[in-house]
């Protein structure tokens, strides 16, 4: 059955130009220009505008059949791919899989070719040239991963197929020899613009807008609410309380990652139970620490504080350690750590798009400083509060900015990139010991029985979670270590861990 006229249209996004020359379509955008020839299809292409003035591409087919209608949809799909290519680009990621001989690869000819060596122990060098407009690099974040970028999805996918075919196993049992280079992820160079809004404590973070690496990453409200709520809670408690409660961050981050589908828990494995049990113990310890002081108060090493951080009335910290103030301060600090855990989830997303650690930390501190200044204009309207004297207060501000925010954040992200987030998080309980000893000598702090019990539960829960996470990492890395595989054993490709960092908790306002 013939159809007299079949027509379909598609919207043309802003910033994209389309030119039609007979059946040759030329699409131009921010990333370049692409052309596709549809001369083999009996279709008519034309540019139109609707009633609202929006540009559209219209494709007509006269006296066609159902196959002709399908050809219209195919042509539209090709044009959509061209538009995506000139606006966002295409990115394919490929992973090395080997169980016998480690695959070695080097990039040649200015990121336009790859040389593969030691495949199945062979001395032969396998060279693959990328198609025109496709670049290839080694991943900086993931071991044994290749990243192919280009504007034309056809050329990018064909280049990936050439690499895959070059590592094809021949004359061997494919049940045992699964070695090769396989496509593990398909996406775009510029991620989809996504609005990530998380409302915590009356609107925690504004939004994060994903951009390309070349563009400036826009980061708003990164650590502003966390630090302001944290310092407010610190005024009602002590540095020891703040450092102890900071150990709940891995458990809180784990819960949020599970709820958002970024972390999977295998209940049938011991490591899955360890993470769930550790999270429960850690959260229980934080609640004990917050709401139960215990009946016994330990003596301090010093009768008089070397640095008075409270007031001149009464003994050191006496009026601050009232039950209502203790609960209020601990609750505020715990709330700030919930906010920080949410920020870690967002940071994992941002780091995929913008992996420059130093620039990312600089932007975080820059926007946080601007937003904190605006908050201070509302809550600190007297000029006396803004005055800085040459005393410990000024030294603390400089120390927090230079050592904690600048040097500390950079070293933390560097350690994560080399040793992983679990290795960094394992040292967080040392913060409780160091701060507790320093507070006992410098501030004459006195610890409660409930504080010690809650701290113990938090540390035990933390190491349970870290042990489970460590087992996950070990299981995921086993295929990359070159171990042999038994018949029928599944070979998994591991996914990167999201960064798990502790916030700066050593400064005082």
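Backbone N, Cα and C atoms are what each Cβ position is placed from, and that goes for glycine too.
Just so you know, TrEMBL annotations are computer predictions that nobody has curated.
Note that the structure is predicted; figures quoted are calculated from it, not measured.
Features as listed in TrEMBL:
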DOMAIN    12-89  domain 'Large ribosomal subunit protein uL6 alpha-beta'
DOMAIN    102-180  domain 'Large ribosomal subunit protein uL6 alpha-beta'
DOMAIN    328-466  domain 'EamA'
TRANSMEM  241-261  transmembrane segment
TRANSMEM  273-292  transmembrane segment
TRANSMEM  326-346  transmembrane segment
TRANSMEM  358-380  transmembrane segment
TRANSMEM  392-411  transmembrane segment
TRANSMEM  423-443  transmembrane segment
TRANSMEM  449-468  transmembrane segment
Restricting to CB pairs under 8 Å, which listed stretch, 241-261, 273-292, 358-380, 392-411, 449-468, is in contact most with the transmembrane segment (326-346)? 241-261
Stretch of maximal Cβ-Cβ contact with the transmembrane segment (358-380) [cut-off: under 8 Å; candidates 241-261, 273-292, 392-411, 449-468]: 392-411
Counts of helix, strand and coil residues, the domain 'Large ribosomal subunit protein uL6 alpha-beta' (12-89), according to DSSP: 22 helix, 33 strand, 23 coil
With DSSP as the yardstick, break the domain 'Large ribosomal subunit protein uL6 alpha-beta' (102-180) down into helix, strand and coil residue counts. 17 helix, 25 strand, 37 coil
What is the pLDDT of the domain 'Large ribosomal subunit protein uL6 alpha-beta' (102-180) when averaged and given as a whole number? 89
